[in-house]
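As recorded in Swiss-Prot, the features of this protein are as follows:
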BINDING   177, 223, 456, 500  L-aspartate binding site
BINDING   223, 224, 225, 232, 493, 545, 546, 547, 548  ATP binding site
REGION    201-204  region 'Aspartate'
SITE      30  site 'Important for tRNA non-discrimination'
């Protein structure tokens, strides 16, 4: 049907007969000549139709509406100099039409304009409902092509290092991995269910047990969890696993992979190794294990200074084993008013939404500290000097303080730090601040259920374990950090991984420590334990979030802009209206009865 696409045309095509297919982007009638901007997936070309070319052809062109699908044949001409469009690669050319065929006439009014000339901000819900029209606008198509290039670069890199791409099952066993599983009823096994995988974790480990040595997969994963801008119920991982490998080797290799992607896709080269930071250092200084290091405002511990000044909130925080921490906003006295950090203010609300009761604040004015009387009246000159030294605050700076439970103080000051950095334009958006976070704890304590929870997952190998007997082994695991590592970019986790447990007794002990009985271990993970008893090699790996990598590379705030047909924030597909009801006969075949709470 066509022998060229728009972007292929250049001055060497002048005088040639070409066939093009595409959409009418817009039509203009000027002085008896019809000008049409033809759009295909690659770009635009102006086509012209003159009454002298034939009355029937001209009349047909007059009927064309935007988004009509056409095929045109004609001669490529050079545009008159006064009509050259320097914004287009084909802006010096036009097609003088000899023949026009309407392949599909537009029959419905469009829900929103597609043409770049009529572009308007359209509500995302409408864009998701008519995703095929949104794709035609071009930006989304470019995003998908960028995503394709990222995958292509990764595949070539891994192939060159001897990796084998293997597909793992999408219908698998429900195992506790943190989020809820999507369950699939098994018709041939009454009352039993498959689960869609949250990750290929166990299968890729079993591939290592099977001797594959180096594996990767562009893996679809599923988690039934509450959504936000950078989450989807189904998402894609670049999943990697290797045998006979150290933590250092995994980090070094995957850093090279990420550098390769950035070089090939963005032409950005990183000469130095990515910096590293322990989990504890990240939590102490940033309040999060995903720190954005493009700006300052580090958290500072003031518990040793303010814990005994007699201010009840501070005293209570320290006595209960909590924190008093601060962040310093440079020039904050002039940029942030009291209204914003008191109840009802936007900054106060950010802290409250993160679990804090509120924020205390100190304004530095010369050598004086201005704050509420209950704090100020109990500060000695030594207190003031120590506060200024630790916070590095100067005249005109604002010190914000959080006090209470360690987790809540870290979480609330982290959120406030991020919010203020955006609000005051403190973030250099040209920076790519990669960071490896290492030495994660093996567990975090679930006080409500009085048990441990794995911080990454219960298949991470603890560091420096020597004991073989169960009691000493448990003590060593409790005090150990994990052979785990995350790659963070500008405050977002790009990927995470670990060395895996490859000894059956150690794996069983870790699973028991997260609350599983021996019976539950055998029921849920018996196949893994058995495999580890049959000569499993030391192995480890990492999984990168492909959607998030693409999101950062194309410079958007939502991974929905990187996916052809995403779900909305209620996990619904507005295009197909999924999920949807199914017929009674389908449910009957599965022996499923639905009851809905009133």
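From the backbone N, Cα and C atoms, a Cβ is placed for every residue, glycine too.
Since this is a predicted model, take the numbers as computed values, not measurements.
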#### Entry: residue 500 (L-aspartate binding site) versus recorded positions 30, 225, 493, 546, 548 - nearest by Cα
493
### Task
Please find which two of 223, 224, 225, 232, 493, 545, 546, 547, 548 have the most distant C-alpha atoms, given that the record lists them as binding ATP, and give only that distance in angstrom, rounded to a whole number.
19
### Task
Given the recorded positions 30, 223, 456, state which is nearest to residue 548 (ATP binding site) when distance is taken between Cα atoms.
223
## Note on the structure
Averaged over the region 'Aspartate' (201-204), the pLDDT of the predicted model comes to 97
### Query
Counting only other Cβ atoms and using a 10 Å cut-off, which of the recorded positions 30, 456 scores lowest?
30
### Query
Counting every protein chain present, what is the number of Cβ atoms, excluding its own, within 10 Å of the Cβ of residue 546 (ATP binding site)?
24
### Query
So, by DSSP, how many helix, strand and coil residues make up the region 'Aspartate' (201-204)?
4 helix, 0 strand, 0 coil
### Message
Looking at the recorded positions listed here (30, 225, 493, 546), whose Cα lies nearest to that of residue 456 (L-aspartate binding site)?
### Response
493
## Note on the structure
Spacing of the two Cα atoms, residue 225 (ATP binding site) and residue 30 (site 'Important for tRNA non-discrimination'), in whole angstrom, works out to 56
### Query
Cα-Cα separation of residue 493 (ATP binding site) and residue 30 (site 'Important for tRNA non-discrimination'), in Å?
54
### Pairwise CA distance, residue 223 (L-aspartate binding site) versus residue 30 (site 'Important for tRNA non-discrimination'), rounded so that it is a whole Å
56
#### Entry: binding-site residues compared (223, 500, 548) - highest count of Cβ atoms within 10 Å
500
### Task
According to DSSP, folded down to helix, strand and coil, what is residue 546 (ATP binding site)?
helix
